[in-house]
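Chemist: Starting off with a structure, shown below.
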Amino acid sequence: MAEHESLEFGKADFVLLDSVSLDEFMANLKLRFEKGRIYSYIGEVVVSVNPYRAMNIYGRDTIEQYKGRELYERPPHLFAIADAAYKAMKRRNKDTCIVISGESGAGKTEASKYIMQYIAAITNPSQRAEVERVKNMLLKSNCVLEAFGNAKTNRNDNSSRFGKYMDINFDFKGDPIGGHINNYLLEKSRVIFQQEGERSFHSFYQLVKGAPDAQLRSLHIQRDPTAYTYIKVGGQIKSSINDSADFKAVTDAMKVIGFTTEEIQTVYKILATILHLGNLKFGSDGDVTLIENSKLVSVLGDLLSTKDENVEKALLYRTVATGRDVIDKQHTHQEASYGRDALAKAIYERLFCWIVGRINDVIEVKNYDARVHGKNTVIGVLDIYGFEIFQNNSFEQFCINYCNEKLQQLFIQLVLKQEQEEYQREGIPWKHIDYFNNQIIVDLVEQQHKGIFAVLDEACMNVGKVTDEMFLQALNGKLAKHAHYTSRKLSPTDKNLEFDRDFRIRHYAGDVVYSVVGFIDKNKDTLFQDFKRLLYNSSNPVLKAMWPEGKLSITEVTKRPLTAATLFKNSMISLVENLASKEPYYVRCIKPNDVKSPLLFEHERCKHQVEYLGLLENVRVRRAGFHLLCYIMLVMKQGCGFEHDVAYGKTKVFIRTPRTIFSLEEQRAEMVKRIVLFLQKVWRGTLARMRYRRMRAALIIIRAYRRYKVKSYIREVNRRFKNVRGMKDHGKHVKWPTPPKVLRKFEEALRNIYNRWWAWTLIKDLSPEEMVQIRAKVATLECLKGQRADLGLQRAWEGNYLVSKKDSPGTASSFTLVSSDLQRKDKFMRVLFSCNVRKINRFNKAEDRALLITDRHLYKMDPVKLYKPMKSIPLYNVTGVSISPGKDQLVVFHTKDNRDLIVCLQGMVPAGDSRIGELVGTLLSHFKSANHDNSTTPFNCSASSGHLRTEQPA
């Protein structure tokens with residue numbers, strides 16, 4: 001059921017009325033209208049009452065409330081029925097249609113626009129540009145068709161004067177991809193005549209009041225609707241319609257849809273042509289018919305892009321073929337006026353059909369292959385004229401009311417009849433509900449040989465002059481005994497009918513009196529071939545394309561064209577077949593009053609509409625078959641005292657009165673709390689188990705994947721490094737594989753192991769002396785890497801350079817003797833480093849000296865005095881060494897007593913040979929060896945004041 005509204009608003013669903021009667025129905029409908037609730041349900045049918053005011057119930061927030069909801073989850077609304085049709089199309093892959101019915105002014109056109117707006121709003125969540133383009137064009141097409149197909153009537157300011165059925169095509173994802181529009185029976189007689197208080201089509205007034213001055217001048221149009229005979233009556237009517245703003249909106253919409261500038265200009269030229277045609281006046285000079293205001297002929301020639309003389313000839317003469325001869329037969333004054341009006345109506349109708357076709361060319365689905373793109377589903381929206389009863393009802397009203405009979409028949413077949421047949425299928429001995437089956441009226445109109453259309457066509461085909469009175473006589477002869485037809489001849493005492501003019505049909509919506517005046521001409525829909533050739537021979541390609549039949553020569557024999565009645569009957573039969581093939585949804589529109597008041601609810605006016613729409617019968621059938629969900633069956637099965645008010649079908653439970661429904665609803669509300677808790681418990685447990693299974697599966701997969709990655713990495717490392725022992729560089733060129741994240745620390749350790757092994761392979765065959773030198777070089781690299789450009793790592797380190805004849809070719813023997821004496825005296829084991837230096841004292845005085853470093857002392861010697869020792873510093877007194885980063889090879893030995901020794905290494909052979917690295921490395925290596933049991937490094941490297949400083953811990 002519908003979401004519960006407060007009882008102050010009445011019953012949201014008429015099925016829930018306490019008793020089914022017309023008075024109860026009308027009282028509930030009036031209450032809801034007065035409370036601002038314009039929508040109600042009859043089961044799944046929406047009843048809409050025109051509010052005659054703007055209502056804030058169509059915005060984005062409201063759309064979100066109905067999106068994806070079931071029909072009865074929210075209060076009654078057009079959006080609910082639109083969403084139900086969309087869901088049926090998308091979920092079940094079914095073609096659906098929404099049939100909007102009601103009389104003129106009941107709000108059908110607005111309802112169709114809101115349904116289109118809703119469908120556009122809920123589709124294309126991914127905002128695909130092509131889908132947005134299609135949606136925009138579908139919406140803009142409404143604007144254009146309303147301008148050229150709608151008019152202000154005494155009942156409605158925006159009355160559709162044509163029938164429209166639009167198919168919207170959707171792809172398999174439910175997004176609109178195109179559409180197609182069918183139009184039915186444009187009321188073209190409105191072009192030349194309107195009843196008092198009404199206007200012609202909006203397009204004429206939009207052109208006159210909204211077009212720029214320059215455009216009006218080019219069309220020879222004045223900005224005054226009363227200056228033109230065809231629209232003069234409507235031009236005097238004050239209206240809330242803003243024709244000037246609408247002109248711009250329509251022009252912009254045509255551009256968006258894809259009309260070219262030339263096509264739009266041609267459209268307005270045709271409108272101007274019709275206005276000028278209406279001002280043409282014919283006169284007579286004896287037997288010759290003349291055009292009194294002949295200046296308009298050149299204006300028409302300019303607008304139609306044809307020669308003036310051809311325009312004048314087509315208006316005044318008719319070309320007739322008699323055997324082999326072709327003659328020009330001049331029109332009488334009456335024939336010329338008839339031809340002018342027929343031309344105006346035909347041009348406008350052809351223009352309207354061309355506009356519809358042009359829109360279809362743009363919005364139709366192209367290059368869609370169901371095998372590639374999936375099934376193409378459709379939602380159809382039917383917005384067609386409602387039942388009409390005027391003071392003077394002619395051929396157009398007859399066709400319109402026949403159309404409504406066909407749609408009512410469809411409604412009966414697909415809703416009411418289906419419902420009662422369902423009771424029989426369920427095996428329920430339900431009370432029969434009578435309803436008016438209007439098949440008898442449909443047959444009265446369309447039956448072959450006997451129907452009104454058949455009699456009308458037969459009259460039009462007769463040779464010789466056939467009048468409307470003769471057609472009425474034929475009807476009286478064929479239908480004299482029909483219960484739903486009468487005329488003054490058949491009912492002589494009925495003074496509401498005129499002799500030889502009127503006949504009455506008892507429609508499902510009420511009795512309607514039709515005047516036969518004009519039936520024959522309107523059914524023949526005659527337009528002289530001269531006009532068709534005139535327009536076909538236009539130099540305007542757009543206008544020429546509208547009249548392809550104009551290319552036929554006057555002597556060519558053509559088939560008799562189908563009459564207007566036959567064409568309309570065939571289109572209605574095709575429409576009903578199309579609708580019947582889809583899953584239908586219904587919107588029944590009601591007009592509350594004739595004065596467009598938002599406050600007035602005219603009881604008799606609305607009662608008449610409720611009766612002819614068959615709403616009460618619909619309620620009775622729905623009430624008889626109202627069924628609930630299966631869990632209510634369980635409640636009743638348990639025994640709640642409702643057995644007398646229900647019947648059990650094969651698959652459904654049928655409930656007779658609303659009180660039983662409400663009682664069951666109260667019990668259901670009590671049970672729902674427990675049911676919800678139980679369902680929550682079960683569902684939460686299910687979710688928890690599902691999450692656990694997913695997490696466990698994910699963990700198993702992750703573990704297996706990690707094992708796979710670890711094994712793959714180890715296998716790859718093994719593959720790359722298994723032959724490194726035989727490689728020349730022992731695998732140094734081999735690229736390491738990228739490890740998985742979990743093995744990054746392992747990879748670091750593995751690289752260290754490999755590097756140690758690689759280093760071991762290089763040094764395992766070295767002598768002890770070479771090992772000492774290697775250790776010293778490693779110590780130098782660790783301490784000074786990046787600090788000095790040349791560390792001397794590429795050459796062999798000799799250490800004791802003063803015994804070398806290269807550095808001291810003449811004094812090496814003297815140094816050897818002094819060195820031996822010092823060894824006996826100070827008991828040192830070996831010489832670490834010796835070199836010629838230049839000593840700098842605190843007075844910046846420089847002198848040549850020699851430096852000898854043993855494993856016990858540091859000696860400063862005088863090379864001039866045969867290397868006589870000048871100063872001896874125990875090594876344990878040396879606290880650090882500072883060196884410069886430049887090429888000067890400056891060295892500062894820091895001592896505990898702060899009497900630092902500053903020297904600069906010199907006398908190297910070859911010249912420029914750097915020995916700073918060797919000196920630092922030798923000292924570091926010695927102190928490391930001397931303190932191998934202590935984890936503290938004897939000397940630390942640091943930078944200070946632009947110099948490197950190597951310090952020994954205190």
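Yeah, the Cβs are placed from backbone N, Cα and C, and that goes for glycine too.
Note that TrEMBL annotation is computational and uncurated.
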Chemist: Taking 296-318, 503-525, 572-594 as the choices, which stretch does TrEMBL tie to region 'Actin-binding'?
Modeler: 572-594
Chemist: So which range, 415-434, 935-954, gets flagged region 'Disordered' in TrEMBL?
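Modeler: In TrEMBL, the region 'Disordered' feature sits at 935-954.
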Chemist: Applying the rule Cβ within 8 Å of the centroid of the Cβ atoms of Gly102, Glu103, Ser104, Gly105, Ala106, Gly107, Lys108, Thr109, what extra residues of the same chain belong around the ATP site?
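Modeler: Nearby residues not in the site list: Asn50, Asn156, Ser159, Gly386, Cys589, Lys591.
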Chemist: Can you check how the pLDDT averages out over the domain 'TH1' (786-954)?
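Modeler: Mean pLDDT, the domain 'TH1' (786-954): 81.
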Chemist: Can you tell me how many other Cβ atoms are located within 10 Å of the Cβ belonging to Gly102 (ATP binding site)?
Modeler: 24
Chemist: How about long-range neighbours of the region 'Actin-binding' (572-594): same chain, 6 or more residues beyond its ends, C-beta under 8 Å?
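Modeler: Hits for the region 'Actin-binding' (572-594): 29, 33, 42, 44-50, 52, 78, 81, 84-85, 88, 94-108, 111, 115, 154-155, 165, 182, 184, 378, 380, 382, 386, 402-403, 406-407, 409-411, 413-415, 446, 600-602, 605-606, 609-610, 613, 615.
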Chemist: Which numbers of helix, strand and coil residues does DSSP report for the region 'Actin-binding' (572-594)?
Modeler: 9 helix, 8 strand, 6 coil
